[in-house]
């Protein structure tokens, strides 16, 4: 029995040894030469192009990118974000770089509105960028500013510092002034002229008087041409106007001086010093300070030195020997002034005691 291929319906081989077999994935045989694209809704044109290319001469692989036109190959998937009409199907869309004007307006909005209000900066200042792009640009700007101390490899747009307020054009600083009516502008100009030249109201009267005088003088004089009189009057008028303008111009202040400030309130009284002492009072002269001497004590003998031999009774002291009866003939005493003292001394025995009794007692023992 001859083998029959289930793939090409030819005899002599089976589907496993078929030379025209394709790739089988999940039970489905894929016969397309290119499997990079699928037959999805976003790739129908490529699917049709590859199908039509398969019926060609066969010189190239059917469905290869070389057989597909540029506009067909550029369709691809809807989620791949390919550039439409590009020759390269894998070319990705690139963002447009920020210009200096956009970055300057971004810095101005960042200075006015602060960090975080990216929607306000995008709406009022950088109108060509979305809030997401403004936030991304701000993140790059802050990272660049935090790495200022490091070595910079190349200059960047983020190195620009915010300009001063004086360098910003007036239409950007005050955008609401464009809607001001013409009448208010005229009134503002009139008020400015009035404040700058308050004394200019009196100038026409002076000029008119001098002009009348010059006209009278020209009318009174005869024989002078009118052109000469008109030239003289115009020159005098020009000199007077220049003098008035020089008087009305404010004097320039020195760079280190302060403007003169006049007090807004004047007190009804003025303080001045008033002496309390009467007019004829003469103050006493100051007393001189007295000088004090330091007194130091000195040892002085007020009496003559005492002689020990002259002391009362000191030379009459004697120690007498006792007699044979055991009684002392002379007692150790101090005789003052030759008188006897009635006071009993500790060195004298009691005279009232009887010696016989003592002896008897001793003998009795």
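Heads up, the Cβ atoms here are built off N, Cα and C, so glycines get one too.
Look at Swiss-Prot and you will find 118-142 tagged as DNA-binding region. When averaged over the DNA-binding region (118-142), pLDDT in the model lands at 91.
Distant neighbours of the compositional bias 'Polar residues' (8-18): 2; these residues of the same chain sit at least 6 beyond its ends, with a Cβ under 8 Å from one of its Cβ atoms. Look at Swiss-Prot and you will find 8-18 (among others) tagged as compositional bias 'Polar residues'.
The compositional bias 'Polar residues' annotation in Swiss-Prot covers 343-355 (among others).
The domain 'HTH myb-type' feature in Swiss-Prot is assigned to 90-146. Using DSSP to sort the residues of the domain 'HTH myb-type' (90-146) gives these counts of helix, strand and coil: 37 helix, 1 strand, 19 coil.
Swiss-Prot lists 1-21 (among others) with the feature region 'Disordered'.
Among the features that Swiss-Prot reports, region 'Disordered' is placed at 41-99 (among others).
Marked as region 'Disordered' by Swiss-Prot: 214-254 (among others).
The region 'Disordered' annotation in Swiss-Prot covers 321-365 (among others).
According to Swiss-Prot, the motif 'R/KLFGV (transcriptional repression)' annotation covers 24-28.
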Per-state residue totals over the motif 'R/KLFGV (transcriptional repression)' (24-28) - DSSP helix, strand, coil: 0 helix, 3 strand, 2 coil
What are the DSSP helix/strand/coil residue counts across the compositional bias 'Polar residues' (8-18)? 0 helix, 1 strand, 10 coil
